[in-house]
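Enquirer: Below: one structure in structure tokens.
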Amino acid sequence: MRKFNFCAGPAALPEPVLLQAQQELLDWGGRGCSVMEVSHRSPEFTEVAERAEQDFRDLLSIPAHYKVLFVQGGATGQFSAIPWNLFGGGVKRADYIHTGQWAGKAIKEASRYGEVNVVASSEDRNFSYAPAADAWQESDRSAYFHYTPNETIGGVEFNYVPEVKAPLVADMSSNILSKAIPIEKFGMIYAGAQKNIGPSGIAVVIVREDLLDRAMSDIPRSLNWKIAAEAGSMDNTPPTFAWYLSGLVFQWLKAQGGVEAMYEQSLKKSGLLYEFLDRSDFFSSPVDPASRSRMNVPFVLADEQLDARFLNEAEETGLLNLKGHRSVGGMRASLYNAVPLEAVEALVAFMADFEKRVA
Ligand code: PMP
């Protein structure tokens, strides 16, 4: 029996997608082999790849002057690739908002290649909020402006898109496909797949075409967006199974009503849990109410001695992977697209019962 899985990533995948993959594993569409066992350049895989890209473009209404790339190396590969791809246009400076562990790692990486201006940071309150735009000091000249719309560990989500001068770059690993994105406000968007897209091993990049000519001359080939774009993301062998499975997730998303439906669902799911946390005398949310993530909901128990018992009992009840990130402790429920409302209802019922028993 499948259980309710609140893992932050690699995260729950839609059951119909897993069933289809299972069905096609030995004999994919009558070919007598699986999708993993054919050339990435074959007509049948090309069809999978093109359909996945088109469905992804449809889901997010991506305009034609943006390239979509399917790449390896995860989101880490991309926050490493960004300075290589954008510091070659004459400006080796970038603005970053520091909102937690993922923004912090991206800042550290970019600092190896150029000057980083941290325009705002929420470190003063333990990364529990998204900084407001009014106090920023943007650089006069900046190759790009990077932020993390949803910090997976802290559970902090921006409720607005920054209006900035430089090309806006965003790490959407943990909230992509959960709501509509005004793509034209961005220069580049990236996301590791293993939360709202598909299995780990692949990442998706959306990049405005005019930014493909700003790479540093010594950029490693495998990080070069222009080369990837010109090769249809097949300069070398891509992770074909992850690409295929992501494509099935996109089809499932379309059948569910697309990102608008996911947005409504995410408000319902996270709203249910936050309302409970705010009512409870025993559980609480450490995140500023205006910046609470719809995807990752960290929470703490009034008595941390009870953390282990909470996790054990949750698991016995069929509620998996609620332990918070090792760097912050406490609990975290990740409520990505594939996590159904029933999972959150079951979680809240369990928490209410736990509270009654221990309080
Ligand atoms: N950015 C964010 C917001 C993330 O949540 C993660 C992974 N949890 C990463 C970057 C790193 O992703 P990867 O492991 O794919 O490199």
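Along the chain as shown, the residues are counted starting at 1.
Backbone N, Cα and C define each Cβ position, glycine as well.
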Enquirer: Say TrEMBL lists ALA75, THR76, TRP102, ASP171, GLN194, ASN236, THR237 as binding pyridoxal 5'-phosphate: which of THR46, THR152 is in the same site, per that record?
Expert: THR152
Enquirer: Taking the recorded positions ARG41, LYS195, ASN236, THR237, which residues show a Cβ-atom distance to ligand 1 below 6 Å?
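Expert: Qualifying residues: none.
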Enquirer: Can you see whether DSSP assigns ASP171 (pyridoxal 5'-phosphate binding site) to helix, strand or coil?
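Expert: Note: ASP171 (pyridoxal 5'-phosphate binding site) is in a strand by DSSP.
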Enquirer: Is it possible to get the count of other C-beta atoms within 10 angstroms of the C-beta of ARG41 (L-glutamate binding site)?
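Expert: If we count other Cβ atoms within 10 Å of ARG41 (L-glutamate binding site), we arrive at 11.
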Enquirer: With every protein chain in view, how many other Cβ atoms are within 10 Å of the Cβ of ALA75 (pyridoxal 5'-phosphate binding site)?
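Expert: The Cβ of ALA75 (pyridoxal 5'-phosphate binding site) has 25 Cβ neighbours within 10 Å.
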Enquirer: Looking only at ALA75, THR76, TRP102, THR152, ASP171, GLN194, ASN236, THR237, the residues listed as binding pyridoxal 5'-phosphate, what is the longest Cα to Cα distance in Å?
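Expert: Answer in Å: the longest Cα-Cα distance is 30.
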Enquirer: Can you name the residues of this chain that are 6 or more positions from GLN194 (pyridoxal 5'-phosphate binding site) yet have a C-beta less than 8 Å from its C-beta?
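Expert: Those within reach of GLN194 (pyridoxal 5'-phosphate binding site), by Cβ under 8 Å and sequence separation of 6 or more, are GLY9, PRO10, ALA11, GLY74, SER200, GLY201.
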